[in-house]
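Some features that TrEMBL has for this protein:
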- 40-448: domain 'Major facilitator superfamily (MFS) profile' (DOMAIN)
- 33-53: transmembrane segment (TRANSMEM)
- 88-108: transmembrane segment (TRANSMEM)
- 120-140: transmembrane segment (TRANSMEM)
- 146-169: transmembrane segment (TRANSMEM)
- 181-199: transmembrane segment (TRANSMEM)
- 211-232: transmembrane segment (TRANSMEM)
- 353-374: transmembrane segment (TRANSMEM)
- 394-417: transmembrane segment (TRANSMEM)
- 424-444: transmembrane segment (TRANSMEM)
Amino acid sequence: FIKFCKGNLIRPMLRMEHQPLVRGSSSPCKLPSWTLLLTVCAVGIGGTFQYGYNVSIINAPTQHIHKFLNETWSSRYQKELNPDLLTFLWSLIASIFSLGGLCGALIGGSMAIRLGRKGALLMNNLIAILASILMGISFPTGLFELLIAGRFLIGINSGVGLCVQPLYIGEFAPKHLRGGLAMGTSIFLTGGILTGQIIGLRELLGGEKHWPLLLSSSCIPALAQLLFLPWFPESPRYLLIDRGDELSCAKALKRFHGSSEYRREMEDIQRECFALDGEKPKKPWQLFTDRGVRWQLITIIVMTMGQQLSGINAIYFYATYIFEQAGILAEKIPYVTLGTGVSECLTALSCELYWMPYLSMACVFAFILSFGLGPGGITNTLTAELFVQSSRPAAYMIAGTVSWISFFTVGMLFPFIVNGLKQYCFVVFLLECFFVAAFIFLIIPETKNKSFLEIKKEFHKLNFGRNARKKETELYERRQLQDEFLKISA
């Protein structure tokens, strides 16, 4: 039966599916449509832009927040604030953002399943608006607790955004453009960092009188996304695989790819749908017991820890503190800090150009440039590529959890590392970067221009070994043939 199907029905169809991918085809080189580009912008402004923006803006008003804490404590308890307690409160204000991010990562996958990718992002903006209100009124009310609460809520917003945005983009982007469009995650993140550093200059909102406005300005990206994102379609993969709505999926694909080009993506989604065979979205703990995704899971955990423990966020959270210890004049520190944001933003914008690897070699010791070329732009994209639809939201929840725990650890411990190791404080991060680089070189296969199912096959050798791989492949192909035959018959 299977031989008959394969010889008489399936082979001609497979030849038709793969025909445009042969050499000389123009499809893989086609530029993204305006709808694709504008959707990336609408998603990014309230997603990773918020993360980058809120990582960087807390750095500018460091001295003003210290003064606010001292004055509030003295007014409330009629005594001076202990310096060690001041350091702890400041570390808490900076680092509780990452605890909120952890909570956001834990709920982001569930929101994406229940509300859809677009719906989760829209709902997430309400959290950002509430957080902005709390941070804005903390100073006039004399309640630094509201500042802590606001930072926690904006952390939740950033955690959900970091989870759902790359998930959404990875699902609607065609495979030959997935890497380029997914770089929107990194571009908006670094753009948020740079924007926060610019707005945080004392000539703008970084002065003593305006720092509450600086912290509450997070509502602007949230309002922008609420205004623009509803005009764009939901994730086609979510519509077909999770909701079974083929008509809405086809309409979304036509919007994204055009009426003449959407069929290829539709067929790719249908193949993934048939391969899943009605499998429901998995919970995060289920991935840990699934041998079929063992090495994919190890990969995203190592990559995510590598991204956060590389030391990049220590620079953005504590840039003022680091440069003060280095002896740079206080009035020049905001402009030196601005240079770090410019460096990473430039690498995010230009990492698709062919000459950038040579620049990376020349600037191997330029920490921020290297980060922008590597983990800063790739990690979130890789998580979308290594998992199929049923496992992808749970994978993002696990990756987000690891990311935010690592983030919080660095945020809390780095001031003490600086005090202990002085100018050698980044040696710890250097060792970690060497380990992650070796893991990437030895383990991770290339994913460029491959479908999610093709990438899954790449990991069969690691997950099941050589003998088991052959058996799994045969079973998989047999089920594919049966599904395709049933589809043709229907």
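Each residue, glycine too, has its Cβ placed from N, Cα and C.
Unlike curated entries, TrEMBL annotations are predicted automatically.
Between the transmembrane segment (181-199) and the stretches 88-108, 120-140, 146-169, 211-232, Cβ pairs under 8 Å are most numerous for 146-169. Contact count against the transmembrane segment (211-232) (Cβ pairs under 8 Å) is highest for 120-140, out of 88-108, 120-140, 394-417.
Of the recorded ranges 88-108, 120-140, 146-169, 424-444, the transmembrane segment (33-53) has the largest number of C-beta contacts under 8 angstroms with 146-169.
Mean predicted confidence for the domain 'Major facilitator superfamily (MFS) profile' (40-448): the pLDDT average there is 79. Stretch with the most C-beta contacts under 8 angstroms to the transmembrane segment (394-417), considering only 88-108, 120-140, 146-169, 424-444: 88-108. Here the transmembrane segment (88-108) touches the transmembrane segment (146-169). Their Cβ atoms form 3 or more pairs under 8 Å, with each pair 6 or more residues apart.
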